[in-house]
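Trainee: Below you will find the structure I want to go over with you.
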Amino acid sequence: MANPQPDDFDSLFNLEEEYYTEGYNLGVADGSRAGRIEGRLFGLEKGFEKFAAMGNLAGKNAVWEARISDQNSAATEASEYKLPKLSGGTRLQKHLQTLYALTEAETLSTENNEESVTDFDDRLKRAEGKVKVIEKLVGEGPLTLEASQPATSGSGSAQERRQIKIKIKRTDAGGESSMEDFNIRHARS
């Protein structure tokens with residue numbers, strides 16, 4: 001014979017399952033929200049890094065272009081320090097034109113879809129390769145600065161200070177000076 005009245009303790013038999021299901025559903029909802037936020041932040045960070053790298057390459061191209069056009073101009077500015085002029089002929093100019101086409105800001109897409117991201121990554125890799133070729137042509141090596149290390153003042157060992165090595169040409173003396181080291185902080189001021 002079946003008991004027609006429901007037992008008040010029947011709900012206790014399923015209590016663990018109810019709490020598990022409720023906790024699982026809350027966790028999925030919270031994880032989904034947190035995942036979207038973290039994903040967006042990660043995407044912004046990586047996008048910024050890629051565009052900063054592309055801007056760095058575009059800046060190198062602009063400096064090289066200016067050094068070539070300085071060579072062609074008749075009027076020179078009176079300055080204590082000048083970068084050496086570039087002589088690479090038409091081959092160097094073709095490489096610089098290609099690098100400009102790869103790094104031109106107006107043609108870079110900021111859309112967040114698979115095709116745009118793939119195109120940007122491809123252009124960045126090709127531009128990095130083109131910079132290596134140009135560096136070999138002009139006889140300059142890559143200049144790497146690690147922004148994660150803080151610049152220090154003149155105190156400390158040489159390993160603790162970040163150094164930039166540049167070759168400068170003094171126009172007043174007419175000859176090239178030797179490689180000189182400059183601390184980052186002093187070079188900016």
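Positions of Cβ are set from backbone N, Cα and C atoms, glycine also.
It should be emphasised that the depicted structure is a prediction, and the values quoted were computed from it without experimental measurement.
Got these off TrEMBL a minute ago, pasting:
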{"type": "COMPBIAS", "residues": "146-158", "note": "compositional bias 'Polar residues'"}
{"type": "COMPBIAS", "residues": "159-173", "note": "compositional bias 'Basic and acidic residues'"}
{"type": "DOMAIN", "residues": "23-60", "note": "domain 'Essential protein Yae1 N-terminal'"}
{"type": "REGION", "residues": "142-189", "note": "region 'Disordered'"}
Trainee: State the non-local partners of the domain 'Essential protein Yae1 N-terminal' (23-60) in its own chain: residues 6+ outside its ends, Cβ under 8 Å from one of its Cβ atoms.
Mentor: 99-100, 102-105, 108, 110, 112, 120-121, 123-124, 127-128, 131, 134
Trainee: Over the domain 'Essential protein Yae1 N-terminal' (23-60), what does the predicted model average in pLDDT?
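Mentor: Averaged over the domain 'Essential protein Yae1 N-terminal' (23-60), per-residue pLDDT gives 94.
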Trainee: Using DSSP, how many residues of the domain 'Essential protein Yae1 N-terminal' (23-60) fall into helix, strand and coil, respectively?
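Mentor: Result for the domain 'Essential protein Yae1 N-terminal' (23-60), in helix, strand, coil order: 38 helix, 0 strand, 0 coil.
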